Amino acid sequence: MAIRIHPSILAADFLRLGDELARVADADMIHVDVMDYHFVPNLSFGLPVVERLVAGSPLPLDVHLMVDDPARWAGDYAEAGAHSVTFHAEAAADPVDIARGIRRRGARAGLAIKPGTPIEPYLPLLDEVDMVLVMTVEPGFGGQSFLASTMPKLRRLREAVDATGLDVWVQVDGGINEDTIGEAADAGANTFVAGSSVFGAEHAGDQLALLRARAAQHAH
Ligand SMILES: O=C(CO)[C@H](O)[C@H](O)COP(=O)(O)O
Ligand SMILES: [Co+2]
């Protein structure tokens, strides 16, 4: 199974974003956390920054929308050129409609759930999305500890994805480092967001290689 590592620029030096992108050139995509101070108690960056990242990033962008009104915003991020746009199920009255809007604009559609949100209601929607993100911390901040309590839900999702035969990516986000990535890979994740463990490393390229190797040891 392919393993993808997506460094989160939430942990990068915002004054030197261009240089920070160059440090993670060996990654698969760049994870961009959009926070609106309402869905989560933190504010990060929005559309103008994402538009500049699309223009300047050598890697495709994986946008993670932590906003109250994804029905209003998801299409704009797809149109801005994000390769993937992920929105939260908890904020979506009609997740299928939002996912279809993202796909119609040529981006991959991702559906995210917080640690306390059950996966079962969303399993019938797997053919409407390209990725499901199981948050392994409460969304809002980088640098938190991985919640192993989310692993049974991840296993259930992996079983359901395999049963469909669809190539839906299974993503984890939060507290992923060399000590936790194996457990998440073992439970079925194939796409790993890592913020502080990559940008906090002296040699980000070496850290990416270590994460990849640890995930591969446990991959299905
Ligand atoms: O969505 C997020 C927080 O809501 C971030 O992507 C996540 O926290 C990454 O940071 P770290 O790897 O440092 O935990
Ligand atoms: Co994120």
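Each Cβ is built from the backbone N, Cα and C atoms, and glycine gets one as well.
TrEMBL: automatically predicted annotations, no manual curation.
If you look up TrEMBL, you'll see ASP33 marked as active site, proton acceptor. The Cβ neighbour count for ASP33 (active site, proton acceptor), using a 10 Å radius over every protein chain in view, is 24.
Summarising the annotation, TrEMBL assigns active site, proton donor to ASP173. Counting only same-chain residues at least 6 apart in sequence, those with a Cβ under 8 Å from the Cβ of ASP173 (active site, proton donor) are SER8, HIS31, HIS64, ALA112, LEU133, VAL134, MET135, THR136, VAL137, PRO139, VAL193.
Here TrEMBL flags SER8, HIS64, GLY140, PHE141, GLY142, GLY143, ASP173, GLY174, GLY175, GLY195, SER196 as substrate binding site. Counting only residues at least six positions away in the same chain, the Cβ atoms of ALA11, GLY142, GLY143, ASN177 sit under 8 Å from the Cβ of SER196 (substrate binding site).
Taken from TrEMBL, the feature divalent metal cation binding site applies to HIS31, ASP33, HIS64, ASP173.
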Using the centroid of the Cβ atoms of HIS31, ASP33, HIS64, ASP173 as reference, list every other same-chain residue with Cβ within 8 Å of it (recorded divalent metal cation site), in sequence order. HIS6, SER8, LEU10, VAL32, ASP62, VAL63, THR86, LEU133, VAL193, GLY195
Neighbour count check, CB within 10 A, over binding-site residues GLY140, GLY142, GLY175; minimum at GLY140
SER8, HIS64, GLY140, PHE141, GLY142, GLY143, ASP173, GLY174, GLY175, GLY195, SER196 excluded, remaining Cβ within 8 Å of their centroid (substrate): LEU10, ALA11, ASP33, VAL137, GLN144, VAL193
For HIS31 (divalent metal cation binding site), what is the secondary structure by DSSP, using just helix, strand and coil? strand
Recorded positions near ligand 2 among ASP33, HIS64, ASP173, GLY175 (Cβ under 6 Å): ASP33, HIS64, ASP173
